[in-house]
Structures are given as C-alpha cells and as structure tokens.
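First up is the structure itself, then whatever we jot down about it.
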C-alpha cells in the first residue's frame, strides 16, 4: 500500500456561486459538502493524514476533530503550500471539496497509475468543437484537467517553491521537469463552481429535515442621555441602555440565539466591544451580519421568539412594530417572529427599573439546495 496523505482544498469564497450559502456548506444528508467529499475519498483508502484547507478551521474542526485543518491562503497555490507543510508521506493526493462525486473506479485508477509517473492526473476529452479566440483548434489535443491528482510529495513541494503561479499541481510538476501521466477522467468528478452545477449532485441525498435550536440572554442597565432602542424600534423614554453599540438588548439576545443554533459562538466573538468600529453601531446591522454568517454555513432561520423583561417602559403596543423590524431585517415573514413583553412584578433589578433583560430562542434548518 502506498504511503499517501490527502489534502482537500476548500478555502474559496464561493463568489461565483451566487447563493447565500457557500458551496462547501451545502448539506448532503446532514454532512456539509466538504465533509461528504472528504469522507467519500477516505472510504476508498487509509490515508496517513487527512488535511482540510479552509478559512473556517475552528468551526470545521467541530465536525471532524480527527482531521487536520490549515488556514487557506490568497490563492489555491498558497493554500496548497500551507497544507504541504504538514505532509510527511511519500505521496500526496490533492482534491477539491467541490468534487463530491469522485468514484471508487476513478480513485483506484489514479492509485494504480502511481508507478507510471511523478504525477497522475485525471483528464476529460471534449466532444464539442473548440475555439481559441477566433481560431478553431484540434479538440483531440484539448484536455479538461480534474482532481484528485496524485504527486510525489518532495517534487510537488519543490515545484511550488518557484514563485510561479499555477492553476493545478500537474502544471507545477511539469514546469520542473517531473513526469506527468494522464488517465481518463470522469464526468461525475466535475467541479461545482456555479449554482447551475448543482444538477451534478442531484442524485445525492437531499439535506436532512433537522431542526437546530439556540437560546440567547442579555442584560443592559439604564443610562441617562442615551436613546432607548429595542428590536430596532426607537422608544420614547427618559433612559437608554448602557452599551458599546446602540444597546439594543433584545437584538443582542436574538443574535446570540441564532449564532448558538448554528454552533457559531456568540455576538461578543463576532463583534467585540473592544473594537471601536462597533461603537454605537446599529444592532440591526449586527443581527444582519450574524445571520449572513449563519446562512453562509448552510442554515436558514425558521422562527424566533423574544421575551423582553422590563418594568418600564410599557411595550405591549410596540410589539408588532418590533416584529416587523426584525422580519424586514432578516427578509422573513413577520409570522416567523414573535415578541413578548413582561415585567418581573417589581422583583430584582428589572423590577427596580435599573435595566432590561431579554431571553430569545431561534430555530434553524438546513438550506435546501434541491429546491433551487
């Protein structure tokens, strides 16, 4: 058995995907695409190391604590160089997380060809007429290069150290005189780049119909001379709430609930009160940015429930406006948002009119890419 490590490249921003969710976080069943693609390859072979390159290493490690995670670079090549620093095996197999349908047949053809060259590459032929600019070219000479690509580790490290930019491993290997062997690729191994490419994974399992629930709690004390804002609604009252931001304690609790349901930490981690750029910032903005983060990793909000505990001011007549503000900010139906207001019957710091406390809960489900 060959000594091989696996590198999965997944540090892209999905800028061409044009959906709120990054493609690496589309769910196949309950697994995100990057994990599904990695498990798929690891089912075919016992790798010395499995290394995933990402810009979300801390979050990804929750899903696969036995993998190694490496921060991505500015380019694919930078990302690969970062990952290669952890590789000590004789061979390294490099693939993209956006190729979830690599077959066992293709994989084993690559491994079996290892003795043929320093780098083994799957490539597709083209059936259509091809042009380069205004000139027709011989399509028999055109190859569409795919991954995974198998290389000798020492040679690939050398190839990438030159400073030249290459779009795949085989190009770098060829540039240093290493031998490259092409095998026939597989249509199912085509890369998902655009949302229209989702048809390529239409045979895979749709996202599980799971529900994820998070809770949030926050407290702010009253402060003279500040405006009072709750759920994005400015309220006529003699006190505002002491805070680094605009002090919207209700939205802070809701933001924590949404982040918690996705396992993404809390509002203080995303928007620390030690950062001056968040000074007096609108909590509507913070909520929207947090929700974008939640959407990017494959979730959508199904409903939210907020309980505001305030002895004063009276809020019952403002609840519908508060719900509408949240619904508009998150582009949801108001029927998905519920705001309640209560007192503590004169008990505690809320009862003494020293501040306001809020509890919130939120539920999320997976983004359903099969309905696009």
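Keep in mind that glycine also has a Cβ here, set from the backbone N, Cα and C atoms.
Predicted, not measured: the structure shown is a model, and the values here were computed from it.
From the candidate list 182, 252, the residue Swiss-Prot records in the divalent metal cation site shared with 218, 220 is 252.
In this structure, residue 220 (divalent metal cation binding site) is part of a beta strand by DSSP. Looking only at the recorded positions 139, 191, 220, 244, 252, the densest Cβ neighbourhood within 10 Å occurs at 252. If you count neighbouring Cβ atoms within 10 Å for each of the binding-site residues 218, 275, the highest count belongs to 218. Taking the centroid of the Cβ atoms of 218, 220, 252 as the divalent metal cation site, the other same-chain residues with Cβ within 8 Å of it are 219, 241, 243, 247, 248, 249, 250, 253, 356, 358.
Looking at residue 244 (4-CDP-2-C-methyl-D-erythritol 2-phosphate binding site) and residue 139 (site 'Positions MEP for the nucleophilic attack'), their Cα atoms lie 62 Å from each other.
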